[in-house]
Amino acid sequence: MASPMRSLLSNPARYVQTFRVFLANSTEHQSMQEFMERQLPAVIASIGNEKPAINILSVGGGAGEIDLLILSKVQARYPGVTINNDVIEPSAEQILKYKERVAETSNLENVKFTWHEETAYEYESRMNAEKTTKKWDFIHMIQMLYYVKDIPATIWYFHSLLETQGKLLIIVVSETSGWEALWRKYSSSFPLQDFCTYISSVDIKRILDSAGLKYQVHELPSRLDITSCFIEGNKDGELLLDFLTECCEFSKNAPPELKHQVMEELRKPGCSEKRDGKVLFNNNLSAIVIEP
């Protein structure tokens, strides 16, 4: 009998629900914020030199929390300069939240926002059809490369759109993270279909090395509290398990043996550590800054 397991990405509403629980229980955004505060100013130090306007492309901008932080750093470096901020985001719900966030944020008078409700691939196809090549001073792809079909081609395409002083920022899970241990072992058992590809920083570095591109890697330590995953029937725990496995209702639909193995794996030192009675999953990220 076919497994009733299906990809979490086949249910966009549930995906957004799981993502919210993930953010609430992880230090993901805090660790990204720390990177934006400490390292980003050096990354963007020359992207807008002597330019009347700075063009930024956000690929998979989500609900805009990190985008607005990036914009604040660009504004601080280039006060008063016009910023054209284009956002590629396939989820209408996320775009709506992004627009609400912009409406509630002050000091954005010099930023022009354009939202494109489409995937990275759809954007590329549309640009090619329109024979348009717009160049960008800063492109960022944060936690989104798992959801494109051809990762090398996507990186190469967006890299080709950089201005001579531009930078491409990619953030993905680190090869030192628990994701690496869990997914290398079990992704073949998860119903990813065409929705999701497991990658970590090691894969991105391999792609960049083979293309001869210059880049720097910054490690961003992060933790995810998965204690609730081990409490039978806990709603947040079930949503986190969905997010970790990219399976819709994993607890209910996974074969018992697979569920048992995954739960055991999540407790292992390669994935998590026990601290103060909590199980903390290693959610380390890598920020990879690529030169033109």
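Cβ atoms here come from the backbone N, Cα and C positions, even for glycine.
As annotated by TrEMBL, substrate binding site applies to E28, N283. Counted within 10 Å of its Cβ, the other Cβ atoms near N283 (substrate binding site) come to 24, all protein chains included.
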Next item on the list: Give me the non-local Cβ neighbours of E28 (substrate binding site): same chain, 6+ apart in sequence, Cβ-Cβ under 8 Å, ordered along the sequence.
Entry: F22, S222, L224, N283, L285
